[in-house]
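Pulled from TrEMBL:
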DOMAIN    13-141  domain 'Creatinase N-terminal'
DOMAIN    336-573  domain 'Peptidase M24'
DOMAIN    584-644  domain 'Peptidase M24 C-terminal'
Amino acid sequence: MAAAAAAAGDAHLDQLRALMAAHSPPLHALVVPSEDAHQSEYVSERDKRRQFISGFTGSAGLALITMKEALLWTDGRYFLQAEQQLSDCWKLMHMGEDPQVEVWIADNLSNEAVIGINPWCISVDTAQRYEHAFSKKHQTLFQLSSDLVDEIWKDRPPVNPLPVFVHPIEYAGRSVSEKLKELRDKLLHENARGIIIAALDEVAWLYNIRGNDVRYSPVVHSYSIVTLHSAFFYVDKRKVSIEVQNYMTQNGIDIRDYNMVQSDVSLLASGQLKGSAVTNGSSHGENDMNENTKVWIDSNSCCLALYSKLNEDQVLMLQSPIALPKAVKNPVELDGLRKAHIRDGAAVVQYLAWLDNQMQENYGASGYFSEAKGSQKKEHTEVKLTEVSVSDKLEGFRAAKEHFKGLSFPTISSVGPNAAVIHYSPEESSCAELDADKIYLCDSGAQYLDGTTDITRTVHFGKPSEHEKSCYTAVLKGHIALDTAVFPNGTTGHALDILARTPLWRSGLDYRHGTGHGIGSYLNVHEGPHLISFRPSARNVPLQASMTVTDEPGYYEDGSFGIRLENVLIIKEANTKFNFGDKGYLTFEHITWTPYQTKMINTALLTPAEIEWVNLYHSDCRNILQPYLNEQEKEWLRKATEPIAVSC
């Protein structure tokens, strides 16, 4: 199977190179990004061009095809996965270790080389970075009129016009008119006549709509243009019901065909874009268009194709004014997130209790609580537990919960060596069977109408080694250190990242991913603009009260095991004794509720304060989740949350 896939991939490269050679002008290289026309992290099946051409299925990466080489760049989450999935035709480039793609091109391709790109699938920021690097050898970034990968992708999935639906105010918390007024005030402040909104979650948040165009993310393939007196929604009109049409009209939003966005950007640039809907959320008149000439774009989400329709001197290139209001949750969203995480925690506890029982019954495992030796698989077990079959069971527990709409990302259900693949994605045909003598890592989440969830727990149903325990405990200590942090307003996630790593560093251990990302309110599971990470971009946005962020340190031993622990946190004001500099101080509130496996903890490595934290967290888990469980599940939870004794 793998050999056949590799052969097909090699043939695709040959076809692509033939198109590159026949192109006018001939292309010396072709860049194939992971992103779609909205610079999305997660894309629809028909937009997975990089996956199609390379065979690598991770969410982050970039392919470069020259006439002689094929290279794939990806980050530390996917190094192991890419090594396993790429054929011998490909060379893996490690982001953060190897030269960036534009540096490699400038250093390795000839003077005046032509590098092809689909201008819809590259951001303005990335394109400008490439062009700067290429300039020293007079190389050209060439905007293709059609995507060459699409020309050879014969069975590319078709467009499926799934319906747009309104996200009710009882979950959104703020009206469209309120959001539009706030946005227009920002446009006026920056002397901008309008803004192009390309990020799918920003369009969904602004207009209080949701959809199903991207699996796991409830977004709609769409653009928005908002001016001082008009608002436009660019979408495949087959997705729009009479109800949604009326809703848009009531909110002063013109619905236009998805493909009209490029021509309307040209009209916006020349001051000729006019709306027909009744204006809502605007206190500005038509003549403001003449006084305000700037067009606002976010260079990280606006694509080169749309930017090319604007005059360079009229572009206001700033972070989207929607990014922060979306990230700073309103009280309704925060309440919904807390409730969603309680139901979700109950589902995960039900799952762990079920899995514990199954591992003992079918595999002779000592179980979640016992470290007794001698676990062995029964010879004639009727039930075979695999990474996929058990994750399907977890989805079933979630699906029974109120407001469930689907998963928030593909479940990372991973046993032993697979758990060391940070973003491992099990396939039914090739996934591993569960093993009582190996660590099991499960990173999962769900979409509920009132919130998005993301949780990771790592467990062992046999006897963990002392090394596994010490690694688990180091991860837990980092997890607690971040959870209990108190820090002044103005602090970024870059400054906090070290807290989660320090317990690992003391033993010479580390992990190749960020420590935390924002999370949406029934939106994308990864949400910016803030993050907690060692990456320089984590310095850009200070953390603020009412933002959400994950707390997920880990440790991964290639070929052996992986450990990660993850909760979702809400940033809140801290009640400190003093207030140095009148800055105000912040701390975290955890809203994820599922116990940690105490048999994986080497309690001798915990401080009394850390043991107290675990005991209090477990006490809260027990009290909060019990109403959602049956008697057997309650008993399992009671046992899982028994207090750890503090050593004298």
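The backbone N, Cα and C atoms fix where each Cβ goes, and this holds for glycine too.
Annotations in TrEMBL come from automatic prediction, not curation.
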Across the domain 'Peptidase M24 C-terminal' (584-644), DSSP labelling yields 37 helix, 6 strand, 18 coil
Across the domain 'Peptidase M24 C-terminal' (584-644) the predicted model averages a pLDDT of 98
Taking DSSP H, G, I as helix and E, B as strand, the domain 'Creatinase N-terminal' (13-141) contains 54 helix, 27 strand, 48 coil
